[in-house]
Structure formats: C-alpha cells, structure tokens
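Chemist: Mind looking over this structure? Questions follow.
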Amino acid sequence: MDILHNLFNLGTLVAGIRIATPILLAGLGGLHTMQANILNIGMEGMMLFGAFSAVLVSYYTGSIIFATIAAILVGVLAAVIFGLFGVKFKCNIIVAGIAINLFGVAFTIYLLRSIFHVRGALSHPKIVGFPVMDFPVLSSLPYIGELFKGHSIIVYVAFLMVFLVHLFLYRTPKGLHIRSVGEHAEAAASVGISPDRIRFQAVMISGFFCGLAGAYLSLAQTRMFVENMVAGRGFIALAAIYFGGGTPVGTMLAALLFGFAEAVSLRLQTLGFPSQFVLMTPYLMTVFILIIISYVKKVHSQKRKYEIA
Amino acid sequence: MKKNFKLLALCLSLVMLLGLIAGCGGGQEPAKDSKEGTKEGTKDAKKFKVAYVISNNLGDKSFFDSGYAGLERAKAELGIEYKVIQSPNSADWEPNLKAAAEEDYDLIIAAASQMHDAVKNVAPQFPDKKFVYIDDVVEGNNVASITFAQNEGSFLAGALAALMTTHTELPGMNKEKIIGWVGGADIAVLHDFLIGYEQGAKYVDPETKVLSSFAGSFSDPAKGKELTLAQYSQGADIVMNVASATGVGILEAAKDAGKYAIGVDSDQDGIYPGHILSSMLKRVDNACFDQIKLAMENKWKSGHFEYGLKNKGVGLTEMTVMGDKIPQEVRNKLKDIEAKISSGEIVVKHYENFGVKK
C-alpha cells in the first residue's frame, strides 16, 4: 500500500504532465504531416535546433519572448530544409528525416563549441527560462488544483493548442485541404488543390511546433543546452501520433500516457527494480499498445468483410 | 498504413543506431589534427620530455584538463617539457600514440579509457619507452596502468550525505534518513561509485536509506532532473550526481527544489552555490604528476596502480562554497574516515572485483 501511494500520488501526475509536454508539442506538429500523409521522422532534429536557438537567444538577449520566436523560426527553417528535399525534390522522405536529425546533432555541437567554447553542456545564469505560473480558477480547485499549479507557462499553452489544432484541422478550409491531400492526393488535385504546396505547409507547421517543443526542453523543463538533449523524444512523439490515430485529442492522451508511464518508471527504480527493465517500460508499453491498436483494427476490418459477404 | 508501420520500424531501428553513435560521444565532431600544446621555447637535451596523448580535446573542465593541470605543475616544479597531442577522432589515436613513441619522449601518458586498444597495440612495439595509461588497465612490461578508486571517493561522499541529511537547520533538509544517487548509463564503473556511496552512508548510520536510479543516458538533462525530483519527492534531500551532462540536470533540480546535490569528477561546488555540498574529485592531475616524478627519479614501475584516498587520487572538495553551513564536527568526522580508509582500517568494497586485480 505504501509502495502504491509512493508511485501514484499527485506529484507523479504533475511530473507526468511535465514529461508529456514536449511529446505533446512535437506531436501536435507531427500530426499535421501525418494527416498530409508524410512520415516525418525529422522532428528530433527540428526540436534540437529549436532547443539550441532558444538557449542562444535567451543567453544573449535575456528575453524569453525573443527566445521563443527564435526557436519557432529556426524550427520552421529546419522544416523548410526537410520539406525542400522530402517534398519538393522528392528524395526519400526517410533519408531526408535522418539527414535533418544527424545534421541537427552535429551542427548544434559545432555551434556550441564555436560560440560558447564549452563541451557537452551549457548552463549559465544568463539563460532566462520560461516563467512559472498557476492556471487561473482551475488551480484553486480542491485536490486536483495541484495539477494546474507551478507549471511553466508553455505547459498551459501546449494543452490549449490541442483545441486550436483541432479547430484548425476540422473547422477550417486549410485543415480540410491537409486532410484531403493525405486521404487522396489525386482527388484533391482534381479540385484544384496543389498537393505539394499543402504538404510543404504541413511540414512547416510541424517545424513550428517542434521548435516550440525544443524551447520547452531547454528553457522550461531545464535551463540549459546539452548535446543531443532531445534524446529520442521526437520519435516518442511520432509514436504518440500513431497511437492517437493522428487526431489532436488522441495525441494528447497518448502523450499524457507516455508521460505518466515515464513518471511512474522514474519512481520504480528507487524501489529496487532493475534500471534496465524500468527504463524499458515506456517503450514496451508503446509496442504493447500498438499491437492492441492493430489487433482491434484487424478485427474491425474482418467484421466488415463478413458484413459485406 | 501497413507500409507506414514498416517504415516506422525501420526508422526506430535507425534511431537506436543513431543513439548508439551519439552515445559513444564525439563521433560527429570535426577531427582535429594533433595540436601542439604549450611547449618550452628552446630545446634542451637534459630536460625530461613527456607526451600527453588524449582521446579528446582539452577544455572539458574535467578529466583531460585535470591531467593537463598535472603537467603544468610538473613543468613548474620539476622543470619538464611536454607536448599535448589531442584528437577526438578514434582513427587518430593509434597513429598519434605511435608518433609520440617514435620521438624522443621519456614518458608517454595516454588518456582516457577509450585508448585501450591503441595502447595495447603500440606499447609492445616500443619496449624501451615508458607508457602511462589512465583510467583502465593494459598489461605490459612498459605500461603503468592507472585507475581511480571512485569507490573510496564515493564512500566519503556517501558519508557526507548521511551526516548532513539530518541537519534540519539547513533549509530543505528533512529529518528522514534518506539520501539519493543518480547515475548516467548503467555501467560497471558507475556501480563502483554506487557501492562506495552506499557503504559510506551505512558506515555513518546503518539506518540511512539510499535511493538510486540510472537515467540510461549521459546526455539527457531533462531526465536527470526528473529522476532527481522524483527522489526528492520520496524523501531524499541530498542526491549525488554521477552522470556527466545528464548530471547538469541533477544539479539544477537541487537548485529548483531548494535541496542539495553532490558533484562529481571536477569541482562543481560553484555551479549553484549553496545547493552543492561538495564534489567528488578524480585527481588525474595528481596521478600524472606522480608518475612523471617517479620516472624522473628512476623509480617508475610498470603494472596496475590504483589511485585512491591514500595517494590523493580521489577525494572531496574543501567545501569552501558551503562554508560554515557544513559544521566542523562533520568535517572532522570526514577527516577521520579518510584517515581510516587510507590506513586500511576501513576497506571499501569494489563492484564485483572491479578495480585492482590481485
């Protein structure tokens, strides 16, 4: 009982929200590319670029607003490069994604050394982080109020974005275009939508969100830049999108699930479970749930077959 | 959809590969040619010459810079001449080492552990040259292998944490006898740290509970921070960092939560003043200086030597940043423990025979 209380308390949920936020932000971007039928594995690199530029601008200007803008712009720029090769010049989209990821790691290391003359990690009092705040009204609720307290401002922004993205995708013409290009590009083209143009725009939107996710990692969750600090979160985000069926709300639920699973696993280790096993749990869970999803889909489609027959 | 899954699987396996490459560190950086360090102006045949061949660049504010400081000290106190040959590119290590051996250096110091194969291949080709290999063991008649007793240093860190965890007069300390430890990847050398830390804590107070976790990575500060915050929420008030760049997140967690951490390898006390009790140092400088001195006095021997508390290879900082927040009685107790370890009265355990081979 004591162990259960140790694992599943409000603090674990709060930590889960913190861990889920970068996955959610990147996922919200990546679902646009998924809806446009582009497999965007370059999110990792875009986040890393965002994280670095956020720290760079925060260090030199001391302004969190400029830092956020810089992270977003650089994220979009990285996405443009990805889109140029993957969409416009039609090279293999996987190769373009891997290229962005490798380039991101190497180039940020290079810049870290040449601008700051440090190896490995940069943390400095001059790096200004995102302010922390309580969410109005909700934070004063009894018991669950704790969940809406003391987060960095960008956490609330991320969750509000879920609804904005939902409105954008399902209630605006542009959202419809993105979905139609993903569903059937030729059909979309036949009614005068340029599929490549829409795909490119979807890639740029993913860059916007990845830049923001990077800024969250380097200025909210921590206040530092470390070589390769995204550490696979871009890929977890990709899994979260698949998991959530490409919808904003589904992606949010998946990101939260990952976040809580990780928060629990961080606490499991101290209870004496072997670290190798515990570190595996979020990934194991991903595989497990993907299996369930595809099984349900299979059963569903078989049922339909019988109905037709 | 099915095709996408296949692609996803492909990508995920590629990421793992990528992570592996990145994890090995420094693979992506541009190769730097061997670069001359500060060198004595004129060539003096009588001067003792040392080559410092390292598997990365200087400027890490830790391991390699510490060795460099030892050379500087030897230059000032013993009047040696030295050259630094640095390259982060693994393809350069063996040629660099060989080049140094072919020249007229009296002593060749190779650091760090990744140079293992280079030392193993080059040293037998030059039987009359003296090699010093730091951080792992290579056997040979002309190789002195130096390792550090991180377990002894960690014993002191664990003792310090156990002594301080009940000092509730410091803000953020709770009365529970729980302390924490967060490591990077789950590897043998880190377990050697952990085993010493636990033993040190239990030596001071057998009731002390040590929480330990691994981040599984040396470059994920966000995870290091979350792990540390999780340990604080489970009652720990002091967490030892043994996690390189992941550890910067550990130290930041101490500051953000208003709790305490212990640094590692180099002096990290000043990073977040008032939140870092002390740092466990690996004194590469002392080991290098010592080996140079032995060689100059013709007392140099090949074999495996462990630098522990006795020969000042490891230790804690003087805790000047914390100042009088660390009570004198705690300092005295630590000095007492240090003396007992040096004299052999306390035997610090190694992780499954990690360390000196008898």
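Just so it is clear, glycine is given a Cβ too, placed from its N, Cα and C backbone atoms.
Annotations per TrEMBL:
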{"type": "TRANSMEM", "residues": "A:7-32", "note": "transmembrane segment"}
{"type": "TRANSMEM", "residues": "A:38-57", "note": "transmembrane segment"}
{"type": "TRANSMEM", "residues": "A:64-87", "note": "transmembrane segment"}
{"type": "TRANSMEM", "residues": "A:93-112", "note": "transmembrane segment"}
{"type": "TRANSMEM", "residues": "A:153-170", "note": "transmembrane segment"}
{"type": "TRANSMEM", "residues": "A:200-219", "note": "transmembrane segment"}
{"type": "TRANSMEM", "residues": "A:231-257", "note": "transmembrane segment"}
{"type": "TRANSMEM", "residues": "A:277-296", "note": "transmembrane segment"}
Chemist: What residues elsewhere in the chain lie close to the transmembrane segment (A:38-57), defined as a C-beta under 8 angstroms and at least 6 residues from its ends?
Modeler: 22, 26, 29-30, 63, 66-75, 77-79, 82, 86-87, 93-94, 96-105, 107-108, 111-112, 115, 122, 127, 199, 202-203, 206-207, 210-215, 217-219, 224-225, 228-230, 232-235, 237-238
Chemist: Would the transmembrane segment (A:231-257) count as touching the transmembrane segment (A:153-170), if touching means at least three Cβ pairs under 8 Å and pairs must be 6 or more apart in sequence?
Modeler: yes
Chemist: Excluding the flanking five residues on each side, which residues at least 6 beyond the ends of the transmembrane segment (A:7-32) place their CB within less than 8 Å of a CB in that stretch?
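Modeler: Distant Cβ neighbours of the transmembrane segment (A:7-32) are 40, 43, 46-47, 143, 146-147, 150-151, 154-155, 158-159, 161-162, 165, 169, 178, 202, 205-210, 212-214, 216-217, 220-221, 233-234, 236-238, 240-241, 244, 246-248, 251-252, 254-256, 258-260, 262-264, 266-268, 271.
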Chemist: Among A:93-112, A:153-170, A:200-219, A:277-296, which stretch has the most Cβ pairs under 8 Å to the transmembrane segment (A:64-87)?
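Modeler: Maximum Cβ contact count belongs to A:200-219.
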Chemist: Count the Cβ pairs between the transmembrane segment (A:153-170) and the transmembrane segment (A:200-219) that lie under 8 angstroms and are 6 or more residues apart in sequence, then report whether there are at least 3.
Modeler: yes
